[in-house]
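Novice: This is the structure I have questions about; it appears just below.
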Amino acid sequence: MSLRFVIGRAGSGKSTLCLHEVQEELKQRPRGKTILYLVPEQMTFQTQQALIGSEDVRGSIRAQVFSFSRLAWKVLQEVGGASRLHIDEAGVHMLLRKIVESRKDGLSVFQKAAEQNGFFEHLGSMIAEFKRYNVTPSNVYEMWQQLDTHSSSAEQKLLANKVYDLQLLYDDFERALIGKYLDSEDYLQLLIEKLSDSEYVKGAEIYIDGFHSFSPQELEIVRGLMRLGTRVTITLTIDEKTLAQPVNELDLFYETTLTYERIKQVAREEKIEVEKTIPLMKQPRFHSQALAHLEMHYEARPNEKFHGEASVTISTAANLRAEVEGVAREIRRLVATEDYRYRDIAVLLRNGESYYDVMRTLFTDYNIPHFIDEKRPMSHHPLVECIRSALEIISGNWRYDAVFRCVKTELLYPLDVRKEAMREEMDEFENYCLAYGVQGKRWTSEDPWMYRRYRSLDDASEMITDSEREMEEKINRLRDVVRTPVIRMQKRLKRAGTVMQMCEAVYLFLEELDVPKKLEALRIRAEESGDFLFATDHEQVWEEVMSLLDTFVEMLGEEKMSLSMFTDVMTTGLEALQFANIPPSLDQVLVANIDHSRLSDIKATFIIGVNEGVIPAAPMDEGMLSDEERNVLTAAGIELAPTTRQTLLEEQFVMYQMVTRASEKLYISCPLADEEGKTLLASSFIKKIKRMFPDVKESFITNDVNDLSRSEQLSYVATPEVTLSYVMQQLQTWKRYGFEGNLDFWWDVYNFYVTSDEWKQKSSRVLSSLFYRNRAQKLSTDVSRDLYGDTIKGSVSRMELFNRCAYAHFAQHGLSLRERDIFKLDAPDIGELFHAALKRIADKLLRENRTWADLSIKECEHLSALVIEEIAPLLQRQILLSSNRHFYLKQKLQQIIFRTSLILREHAKSSGFVPVDLEVPFGMGGTGSLPPMEFALPNGVKMEVVGRIDRVDKAEDESGTFLRIIDYKSSSKALDLTEVYYGLALQMLTYLDVVTSNAHTWMKKGSTASPAGVLYFHIHNPIVEMKGDASEEEIEKEILKKFKMKGLVLGDADVVRLMDNKLSTGSSDIISAGLKKDGSFSARSSIASEQEFNVLQKYVHHSFENIGKDITEGVIDIAPYKKGNKAACTFCNFKSVCQFDESLEDNQFRTLKDMKDSEAMEKIREEVGGE
């Protein structure tokens, strides 16, 4: 029994020496005693390849490559002890979740922390760390007692409470495992206990290679191997000079030196002979003088400079994507021109989560075979999401998001259905559920769902149509597709008495959905499309889910568990599932993490993402214990994993290992911006390399090839997939600035695409965008007629929409596009309720031959409550009755109607105008409807402007009859004559024109009426601020002022006094007008003469004629208006359709100039030729 060290700097040939010894021994004595070759888990595959890669050794039974965990399996299979069930990381997380849930009330610190993402991953890691460092639950308990006794500060008490929680959970976890289960760390402990019984290990020649340090648990295994083996050879990366000096924590080889001393100490304790150390001084790995210099002088202070051409390249990239593309281009160049194999190349990085998706896409586009040495989570696979969301449906009372997350996995679809058709139907079904607010008991009720096309309160009494009945049948059929399997599982889960029965319910749910067959179909489809990675995913995920259910049953099968806890535990397990990595092929680029990789036989290394805070890593507290807390525990005798300070000291060694992997070329790069465009800084490590290599090659990698030389541009011509985007860049440059001779080879590339049978069609779609202009072509006369008909019938709002943006009008009224309905109370719904409520009260007063002035305060309150109760069941699919929140909102709306009723009562008392009709239709047909505003357009098309007028008031005096329009608004509004001029506010003047023009037919026969004005009434329940102790009368007066109606009234003092009979001089509290002492109007009065009203009405006609002409001539310009801070696009539903973009030459706002009312009136007069 002896111990031998083989030491040397990186690249000195330590592993090569050991492998050659083993190979020579196998060649001389192929049937001798066992040879164990122990390496880190990440090195097992490549070491096995290297061991049998010699021409003289094609295979071996005598020599075996193991990691510690694989050796444990081997020994336990031989001597016994492996019969207990293995639980993987997912099983550990599930068990911990169950333990935490059952212990929750007794936890001090982790009670709330347990709900945070990643908690169980950290807790599992903490327990694994305890085991690796031989810390038992009793050790943790003793530590808690010690801390609890001596804690004085808040920080000490927090640590004591944290340690208390940890010992409780660790102890429960260990008790749950005893005699039944083994987790990954338990195998090493069992190996320590059983190793001495192994005949396989006794007398073996043992090599331990590729380690830099050992945990206490691993060190005990090394101790056991020393006792049993003939000779143990351990390789360590140490400079021989370091061993001759005192151990210094700042030394590059500090970690490996400590490991060397610890192992020698174990050998002394076990009285094992320590052979003479073999120091390796040469650098056989490096075929490049520059890389040999980098290795030899990496830690030198000051930096030793290397002059001459260096095989080191430093690149900065415009962004992360440009960096990866630069790497891909260089890899292709090495393979194409320098006789490299893909397996000779490695890409090292640290922040893989930022890079992996981009690398998979780009390396595939560049046809670079690659292997990413990183496990992917299964959490996004349809099967995992289906189980998780189905359980969430049941535990969360059938919430919309959970239901449709489950639907979108497509595993609920019948097996033989056409997926494309089913997706379309499910989209319609989802729209229905959103519009009707379907959730909770409505899913489980047997009552059929109803479908009605809802537009307004008036639709509530209409009969169901055939198309509605057909849609209703489809909706109920799809409802059963979604709910039936979930309800079956729900019933089984509720009947289940044990965890085993609950797991069985999940399994039957999957089986009844034919999930195995559906996954097989997905696998076949992935293989047919050449996506072999995802093809294996579908196989793995089913096996892993079944294994998870088996583990759940094995661990907790006979226990009783609530549905919510079962869901939490199952979800925790599902989130821990990972896809196993498929071993790399013999010729792939290896992409690996700097911290975990163990590489050999690499000629060229690309180190990417070398940004500040990433390489070297910024210190960061992670896990259950902070650095300070770990130091306290270490001082008390509990050894744990290194603190972030120790890790930071070790970072130099990690970086040394990183830059010494390659034998010929080293590439270092960093992006200057991330995927979101945020600025990133280059690492100080790059400055260090520049100091060592003053002549280093530096380059800037960009996505834009325009500024590059011809030779540099040629490197961007790679595969057809990626080159197409660069062809587009060049053509855009040519289009914008003209042809340049040094770019002529791009025309050859362009010709390849347009003549290639394979790429002609694919490229035409991309290249055609070069001439894309975001302009809407004018519709032909025929198309316009087909869309709008021979007679255009539209509301004033439609006409105003056309003037806001012609394309928005086309989208809404030509294409009939609309946003999908959502079950929520929007401003239009509230406005509709207000209108309906006030109309019902007014109708009741008309029937009783009363006015608003006749109402008492109590009657106003009673009537407001009554009409709200009548309307609530009819509004937006009974939304006001759907929840406590909406019931509260109903009460608030009733208060607003009550307040509005009081104000209308006060207005009526002060006014000579009385309502003569409400919700007056024109052009709508039926009894009581006034005729539409009709236009015969020059192209022969008829146009009718139709609508409904909120309220028409009438007053009479000796000079005649006057009519005014009142429009109820749920927000404050005034009449802006600038907006009238631009056709954005035509509604009120149209209404006034309709009622005055048709006065002879709907009032007394043959009577005429003059315009008195148009006014907006703001429906709200205002809050007023009063100074001092104000009386109730003063408060009511102030509230009345808040309801002052804005608009435009006739500039006749008598008519104004009819509107406010309390007005003598000063400003009116009711309308936006005021009188001076001499009887003239104040400057702030919104007034117009009768002649001006006539001009305005003519202008309205003029505007409609122009709008009608443009609509029928097919004008659909993408030309939204902008006026001050108002723009047509602000609340437009069609922005995603028109794709208006100000950066495009053709897309600019129509900027409208704001004007004073007098200026606007003058321009209006000019347009119609008025005087």
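Positions of Cβ are set from backbone N, Cα and C atoms, glycine also.
It should be emphasised that the depicted structure is a prediction, and the values quoted were computed from it without experimental measurement.
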Novice: Quick check: of C860, C1138, which does Swiss-Prot put in the same [4Fe-4S] cluster site as C805, C1129, C1132?
Specialist: C1138
Novice: I'm checking region-level scores; what's the whole-number mean pLDDT for the domain 'UvrD-like helicase ATP-binding' (1-301)?
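Specialist: Overall, the domain 'UvrD-like helicase ATP-binding' (1-301) comes to a mean pLDDT of 88.
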Novice: List the Cα distance (Å, whole number) between R9 (ATP binding site) and C1132 ([4Fe-4S] cluster binding site).
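Specialist: Roughly 67 Å, rounded to the nearest whole number.
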Novice: What's the number of neighbouring CB atoms sitting within 10 A of the CB on G8 (ATP binding site)?
Specialist: 21
Novice: I'm trying to understand the geometry here, so how far is the Cα atom of G11 (ATP binding site) from the Cα atom of C1129 ([4Fe-4S] cluster binding site), in Å to the nearest whole number?
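Specialist: Cα of G11 (ATP binding site) to Cα of C1129 ([4Fe-4S] cluster binding site) measures 64 Å after rounding.
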Novice: What does the structure give for the C-alpha distance between A10 (ATP binding site) and C1129 ([4Fe-4S] cluster binding site)? Integer Å is fine.
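Specialist: Spelling it out, the Cα of A10 (ATP binding site) and the Cα of C1129 ([4Fe-4S] cluster binding site) are 63 Å apart.
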Novice: Which of G11, G13 has the fewest nearby Cβ atoms, counting only those within 10 Å, among these binding-site residues?
Specialist: G13
Novice: Compared by Cα position, which of the binding-site residues C805, C1129, C1138 is the closest one to S12 (ATP binding site)?
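Specialist: Nearest by Cα distance to S12 (ATP binding site): C1138.
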Novice: At a 10 Å cut-off from the C-beta of C1132 ([4Fe-4S] cluster binding site), count the other C-beta atoms across all protein chains.
Specialist: 20
Novice: Quick check: of the binding-site residues listed here (C805, C1129, C1132, C1138), which one has the Cα closest to that of S15 (ATP binding site)?
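Specialist: For S15 (ATP binding site), the spatially nearest of the binding-site residues is C1138.
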